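First up is the structure itself, then whatever we jot down about it.
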Amino acid sequence: MMTQMNYTGKVKRVAIIANGKYQSKRVASKLFSVFKDDPDFYLSKKNPDIVISIGGDGMLLSAFHMYEKELDKVRFVGIHTGHLGFYTDYRDFEVDKLIDNLRKDKGEQISYPILKVAITLDDGRVVKARALNEATVKRIEKTMVADVIINHVKFESFRGDGISVSTPTGSTAYNKSLGGAVLHPTIEALQLTEISSLNNRVFRTLGSSIIIPKKDKIELVPKRLGIYTISIDNKTYQLKNVTKVEYFIDDEKIHFVSSPSHTSFWERVKDAFIGEIDS
């Protein structure tokens, strides 16, 4: 969905976030040198209007988590310095094009849904997180046994390695490698995908991905105490005695700068997984 922020006559505060690779540092250096002398821009990692991520999708995920509490004020734009990145609109040789587009920017943005996660521990503490791609729960040393509850109704008893819940944009990441479907981000939904489920005459699960609409909630209730590995995008945590994990579509969204160079979702999918098609 395209919307617009009001930037009329406003100096844009820009944060530049780059990984440690040589080419990323070169791109960052060029952007710094241009913006520091431009009266229409102010370089600051504090309260930015625009966050420029330089690297790949992993770098953009890190940038998202750096500013996940300011999503209503921030727009992101990605520059890829390696192979094509799913969230990036510019390659490293297109820096001049990015600078020109930002100078002409009127505040237009493309918005994608994100995932909200609430993890309840046996002592009553609740750990909350946001994910741009997905959140997974696994039990490494033993089979994970958990009830899957949708809108307070028990759907199935799961046995296997774990569960992944992804956003529409995250549907092209780990979810796809698990055999999940690719969802267009205008479909505000969550996707639950099983990780190596056990299915036989005794234990049964649906065995396919489930698409959950925005108004619905997913709950995962582990049936055994122990240590669980929980991944939120590119961050992994070891949590002991998890009693419940809840998943929702967040009220906030991630916003990307919309410009003539913004690549449509299906173009990104094609470039990432199919490439050029012979006519």
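For all residues, glycine too, the Cβ spot is worked out from N, Cα and C.
Since we're looking at a predicted model, the values are computed, not measured.
Noted in Swiss-Prot for the protein shown:
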ACT_SITE  Asp57  active site, proton acceptor
BINDING   Asp57, Gly58, Asn133, Glu134, Arg159, Asp161, Thr172, Ala173, Tyr174, Asn175, Lys176, Ser177  NAD(+) binding site
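Secondary structure at Asp57 (active site, proton acceptor), as computed by DSSP, is helix. Looking at Thr172 (NAD(+) binding site) and the residue listed as 'active site, proton acceptor', their Cα atoms lie 12 Å from each other. When the binding-site residues Arg159, Lys176 are compared by the number of other C-beta atoms lying within 10 angstroms of their own C-beta, Lys176 comes out lowest.
When the Cα of Asp57 (active site, proton acceptor) is compared against those of the binding-site residues Asn133, Arg159, Tyr174, Lys176, the shortest separation belongs to Asn133.
Around Tyr174 (NAD(+) binding site), the same-chain residues six or more apart in sequence whose CB sits under 8 Å from its CB are Asn133, Glu134, Thr136, Ser164, Ser166, listed in sequence order. Neighbour density for Thr172 (NAD(+) binding site): within 10 A of its CB lie 23 other CB atoms from the protein chains shown.
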